[in-house]
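Structure first, then comments.
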Amino acid sequence: MTPAEAQKRIAQLRAEVSRHDERYYRQARPEITDFAYDGLKRELAELEARYPEFASADSPTQQVGDDRAQGFKEVAHRQKMLSLDNTYSEEEVRAFHTRLAKLLGSGELHYTVEPKIDGLAISLTYEQGRFVRAVTRGTGEKGDDVTANVLTIATVPRELKAVPGTTMPDFVEIRGEIYLTAAEFQRLNAERAAAGEELYANPRNTAAGAIKQLDPNEVAKRKLSIVLYSLGHCEPSVVQTQAELHARLKAWGLPGVERIWHVKGIDAAWAAIGELDQLRRSFAYGTDGAVVKLDDLALQREAGSTAKAPSWAIAYKYKPDTARTRLKAITIQVGKTGILSPVAELEPVFLAGSTIARATLHNEEEIRRKDIRIGDLVEIEKAGEVIPAVLRSFPEERPAGAKEFDLPAAVEHKCPVCGGRIAKLEVAAEEAQGVAWKCQNYDCSAQRAGRLGFFCSRRALAIDGVGGVVAAKLVELGHVQDPPDLYHVPQETLGTLNLGTAEEPRMFGEKNAAKVVAAREAAMALPLEKWLYALSVPDVGESTARELGRRHRSFAELTDSPLLRAVLKKAELLAEREQQAPNSRKNPPKDEADKARRKELCAQLDAAITALDAGVLAGVPSEIGPAVAASVVEFFASEPGRRLLAKLAKLGINPQGSVVAAGVFTGKTFVLTGTLPTLNREEAEQKILAAGGKVSGSVSKKTSYVLAGAEAGSKLEKAQQLGVPVIDEVEFLRLWGGG
Ligand SMILES: NC(=O)c1ccc[n+]([C@@H]2O[C@H](COP(=O)([O-])OP(=O)(O)OC[C@H]3O[C@@H](n4cnc5c(N)ncnc54)[C@H](O)[C@@H]3O)[C@@H](O)[C@H]2O)c1
Ligand SMILES: [Zn+2]
């Protein structure tokens, strides 16, 4: 690998890891297994170590995944909440010991081995034994105050029990995990299935999503559990060893881990890791590994920690469960954008607590890359409740005559649902990155059902109850073609909708129907950005919809948008500029006269581009580029687009854009850091957005201001390095007031 190749791969991996971090920590919707994720991160760390010139403090390898969400007060941890170094290899567990033995000058080290709980990290603060607050890990330095939500967990003691003969600390941070039991997870999903809603993916993400609800009553509906296993800041300190700590937590009345091993030396620790693997499936919480920790807290302090993880502990992660089975067939599913996704139909096999008969195959390319053929013996993997995936095939045991899978041939070159034309396209859609086959028929019933389910999803119009199953039924029975048709379905029809079969009917029910009717009424008042997102316009994701919604007052204005015309015009001018460049190699000038003429022309083009940039296009964000502009214009001029708008108009639905009359912060980007004296983060962001500004998570040369409060961290330093102006709350409010 050349340095240039390494640099490119590093950039690629950083982008990919960041994308998965965002989905995992902030949205609680991962799309790959932890094992796959850890593989990417490891590759990145190795490249950064091998090419230190491309290392960066911004890299996801150098930071703790950020779980902060909007709407919570931020609180600084007294002692940082770190991550753990983790490994899948025995050798590295042993190397961890060798390193410590050398550092501490002793081979006689005692360890504890504890289950690694697969929940979300939480810190409980007790003062004089009284519970005062609960905070998420956040950036590690500060997290979200989720006290009200944690109070819904019955086993969190409001008061620690006094332990005779010991002191109660004046102040202590107690760390642990919030999780959902398997039983509770199944109960919630059964409820959702009955209501025709989309099922939760796995217990960890359901718990993470629940704790980030703004309404504690909603949280209480999902019975969360908690387990505590370590201390942060503790004043005065109360224990000397890790083993003692576990005993004290239990004595205080806190729920502790089911079992710890207290061992001497690394051989015994490795044996304990094996024993834990045998037991862990019977625990109340999900576990994804074992944590080996130095037992002696004084030695822990001596070993110290890096910015990201303690040096005195290591997590050994168990590989996800795998099984071998036969691939009977490959079927094709059609999604809301028409993408054809292959699904593996398997000889049912029991794996990690359930029987598996289907697994994802991602896309045609992946099937080819892994050389998977119908009839093959395959290895499948299941981690937590993430959708099972096919890992590999065993070509040496292949039945004679097994042919390479050919997707278009398998569907006879037409959509398996509607029989429509299919075409191969580059797609950047979440469902299938790369090249995919797509059904070209907008009125395909699979696409119709997909769009209706999406229209009603939480992030779109939040018409709860109309998940995949209900949406498909409504389309199948002809009640809905386009999502707005949902408004014409009578409550009665919804109530008696049979989601089961004729022999085994399962009614949607009166109560659910009433909820849908109320939710669809409420949705009528949602702003343009939500409606635009909900209508599945090609290339318009959530943030693009938000930016468009802030720059247009209505659908009418959007369909005849001077802004989008200007974006397209500029792209045209730029293309022309490139074509006519006097020193173009692709299209060299014929002679000196031609060159002079082109110089003149280019100057004119430049002037026109500058005028656009300074005028209509001033402050236009990257989300609104030529591809998006073209998609939006084209879609609303097309038959389906016009049909949708006509239906909305007929229903009297006219969502309003949240246009900000060129506010004082138009074109300005802010980065927030630290705790402000009076405004919380949400309020400050609201002010910036309402005044036309943007908020970004990281400081760069493009940042206009860093708004810093108390205990501002590395962002402040970065701002000073780059010479970005740093302002405090008073100055911020002055600017905001137009002063
Ligand atoms: N699938 C994805 O897309 C995706 C994306 C991001 C992260 N992840 C996964 O999530 C993990 C999360 O990363 P992370 O930084 O939180 O590290 P981590 O979960 O691997 O380890 C650190 C955390 O373990 C927890 N923990 C559980 N039991 C513990 C115990 N007994 N003692 C001490 N700590 C204990 C603590 O909360 C600590 O913060 C990664 O390993 C990765 O596999 C997956
Ligand atoms: Zn189709």
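In case you wondered, yes, glycine gets a Cβ from its N, Cα and C as well.
All annotation found in TrEMBL is predicted automatically rather than curated by experts.
Sequence annotations record features per position, and here TrEMBL assigns active site, N6-AMP-lysine intermediate to Lys116. The feature NAD(+) binding site is assigned by TrEMBL to Asp34, Phe35, Ala36, Tyr37, Asp38, Ser83, Leu84, Glu114, Arg137, Glu177, Lys293, Lys317. What TrEMBL lists as Zn(2+) binding site is Cys415, Cys418, Cys439, Cys444. Positions annotated as domain 'BRCT' by TrEMBL: 660-729. Under the heading region 'Disordered', TrEMBL lists 576-596.
Sequence features, as recorded in TrEMBL, placed on the structure.
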| residue | record | DSSP (3 states) |
| --- | --- | --- |
| Asp34 | NAD(+) binding site | helix |
| Leu84 | NAD(+) binding site | coil |
| Lys116 | active site, N6-AMP-lysine intermediate | strand |
| Lys293 | NAD(+) binding site | strand |
| Cys415 | Zn(2+) binding site | coil |
| Cys439 | Zn(2+) binding site | strand |
| Cys444 | Zn(2+) binding site | coil |
Given the recorded positions Asp38, Leu84, Lys116, Cys418, Cys439, return the subset with CB under 6 A from an atom of ligand 1, ordered by sequence, or none if empty.
Asp38, Leu84, Lys116
Top Cα neighbour of Cys439 (Zn(2+) binding site) in the set of recorded positions Asp34, Ala36, Leu84, Lys116, Lys293:
Ala36
Over all pairs in Asp34, Phe35, Ala36, Tyr37, Asp38, Ser83, Leu84, Glu114, Arg137, Glu177, Lys293, Lys317, the listed NAD(+) binding residues, work out the largest Cα-Cα distance in Å.
25
With the Cβ atom as the reference point and anything under 6 Å counting, tell me which of the binding-site residues (Asp38, Lys293, Cys415) are near ligand 2.
Cys415
Cα nearest the residue listed as 'active site, N6-AMP-lysine intermediate' among binding-site residues (Ala36, Asp38, Lys293) -> Lys293
When the number of other CB atoms within 10 A of each residue's CB is tallied over all shown chains, which of the binding-site residues Asp34, Asp38 has the maximum?
Asp34
Listed in sequence order, the residues of the same chain lying six or more positions from Arg137 (NAD(+) binding site) whose CB sits under 8 Å from its CB are Val64, Asp67, Met81, Leu120, Ala121, Ile122, Ser123, Gly143
Other residues, Cβ within 8 Å of Cys415, Cys418, Cys439, Cys444 Cβ centroid (Zn(2+) site)
Val334, Gly338, Lys414, Pro416, Val417, Gly419, Gly420, Ile422, Gln440, Asn441, Ser445, Ala446, Gln447
Closest of Cys415, Cys418, Cys444 to Asp38 (NAD(+) binding site), Cα positions, binding-site residues only:
Cys415
In the structure shown, with every protein chain counted, which of the binding-site residues Ala36, Cys415, Cys418, Cys444 has the densest set of Cβ atoms within 10 angstroms of its Cβ?
Cys415
